[in-house]
Amino acid sequence: MAAVQDGPMELDAEKETKPEILSDGTSNLSGNTASGTLSSSPLTAAPAGAAPKMEDQQTLIAVLQFLKRNKLTESVDILRREAGLGEDQEALDGSGAGKGEGDGGDTNSLLSRVSMASAAAPQSTLTPMPVKSADQPDVSVVLSAYSQQGDPFLYKVYYSDLKNFIESVLDCHRAELSQLFYPLFVHMYLELVYNNNENEAKAFFEKFSGDQECYYQDDLRILCGLTKKEHLKGNEALLDFRTSRFVLRISRDSYQLLKRHLQERHNNQIWNIIQEHLYIDIFDGISRSKGQIDSMSGSLAGEAKREVNKIKVFYGLLKEPEIEVPLDDEDDEAENEEGKPKKKKTKKDSMGSKSKKQDPNAPQQNRIPLPELKDSDKLDKIMYMKESTKKIRLGPENLPSICFYTFLNAYQGLTAVDFTDDSSLLAGGFADSTVRVWSVTPKKLRKVKSAAELNLIDKESDDVLERIMDEKTASESKILYGHSGPVYGVSFSPDRNYLLSSSEDGTIRLWSLQTFTCLVGYKGHNYPVWDTQFSPFGYYFVSGGHDRVARLWATDHYQPLRIFAGHLADVTCTRFHPNSNYVATGSTDRTVRLWDVLNGNCVRIFTGHKGPIHSLAFSPNGKFLASGSTDGRVLLWDIGHGLMIGELKGHTDTIYALKFSRDGEILASGSMDNTVRLWDSMKAFDEVETDDFTAATGHIHLPDNSHELLLGTYHSKSTPVTHLHFTRRNLLLATGAYNSQ
């Protein structure tokens, strides 16, 4: 890993340049400097033996006392030696300034007086910040870093100078260094606004906003509305941009070229922003092309750091429980040949016989506690395996039939759809806060009889499960009331006994499909909950919402088991990995993250989308992930290597539905452009070579072959596609609400 963050650069013509002294370069003085190092980017230490100015001397004394209070004696000695301060001088000035530590005036008061003195003296370049030990950054404290600024009239000169330099370098470096334009533009604009230079900020924005990449236009529209210092306070998006350092991946040659230019031009303003607000991930090797950079760019916080995507991920499938299936030899052979997707790889490896080996990439069976199979679950698995023998093998020459369920007269506003795994039930969430459940088969929906009637039933009879159902309540659909806002997500449990729904009211509700009543209301999100999904094994479920976090729940716990925090904007879609050990989340910060259920850690960050992400789908073998966005593209990801391996272009609007066929041969995508498209996913995965070098450097070469991978486009008359589902026999079901406009 060559992610080197070089230290502050002293751009004083009279001194020798020392570019790599400190490791960080941030100028925030906070109470948690446990490393024992003080980093102050703009501060230029006086030569040994020279007497510092009065204001500088008070600043140094304040810093020394702060370090002493935190018992950072080694740093105290180094700073005193470099500044040429003696102990007696420090004690004298310190007592005159405020009695030293713990005796009347403390370091904070001294720091505040020093900051006042600095404000009066424009020569001083260090503005100490108030000490704050709270866990969450306060907006005013975060923003106060912008108070260190140069002449506001020179900002356009600084930026133009860098722009001219980057445009004049060799093509191999230009693409990489051009990544600096957007984060520098944003931070320089915010500095101008924060320091009440409204006219200069507007002029700066008008001159350079047109130079930014097209995929940042939505962010720039928000930014241009922030024209006064008061607008910045309480702005969550701004706070995120300020606190999470923008990540740029640059080759060492390009980085050295940039650093040499800034040293020669004495462009301290630009360098300070790079040091404080950007994280430059330096790699050894040839520079990346414009195409390679564009494919990974677009997220709110830049690209992902490479070390994040090197964590080991157990993407293999869990070993199936051994269940005796009453099949004859011929059926058994067929089942083994085209069996359940989760066992497909195992069967293939063992030449059609049941594998006793554990997949080397699979997690331990007991890595997370999973619910035991009930008798009803075993019966359902037997039915599943029998039905799999009749499954159609899909491919480029054998495309699936598509059955489209159109919601007519859905004046309530259809907002979410889900099918049960056996395709027998369909649920819809609506903007009028209701959840509606339909039976897709001729079998009608019935409630369980009342307690008094159940007492009269012979519990030993063979058809007891039929007798407990009340025929008088039979109907094709049921309406579930309980939410107090639009329902944005619905999900059936694998055993078809429960239904989850998430709503704008901030709750997730668990409904019984035996009584069609609400069993539990889970409260944890503070804002609308955009999506929820059951684990493939039941019991666990995940939710994501406007509060920018995803939560893992268990049906028998009213508090979340894990909170997955890290996204910089709303979590819009959530999906469980087929082995249930991982959860994928998509966000309006334009990233996809993969979280480990065991410890709650983020183990993958995927960047490349140019708009909010609204759909996710794992391949049946667990190796790959597909994501769809408002940019109309489907991106394919290799989970093991942590790389983008494909880009499917063709849709002209937001992609709200993605689904792999049962054997993983076909990927179906549904969009607001009223089309369903089928893609050859096996060809897309087979053509990609992901070696260790590619994974280490992030040099991906995406073939522009969407037209070769597209197997078919199917138009609805005027119905946006909101959900897709493959039946156990590989029939594709699609749904959407008819749009009369």
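Quick reminder: no glycine exception, Cβ is built from N, Cα and C everywhere.
Region 'Disordered' is the annotation TrEMBL gives to one range among 1-51, 460-510, and that range is 1-51. Remote same-chain partners of the repeat 'WD' (606-639), defined as residues 6 or more beyond its termini with a Cβ less than 8 Å from a stretch Cβ, comprise 215, 218, 295-299, 302-304, 313, 315-317, 341-342, 344-345, 569-570, 572-579, 584-588, 590-594, 645-660, 662-664, 667, 669, 671, 673, 679, 681, 684-685, 688, 690. Remote same-chain residues near the repeat 'WD' (648-680) are listed as 338, 341, 344, 388, 391, 393-396, 399-400, 402, 404, 611, 614-621, 626-630, 632-636, 706, 708-726, 728, 730, 732, 734, 736 (criterion: CB distance under 8 Å, separation of at least six residues from the stretch ends). Mapped onto DSSP classes, the repeat 'WD' (606-639) shows 0 helix, 20 strand, 14 coil.
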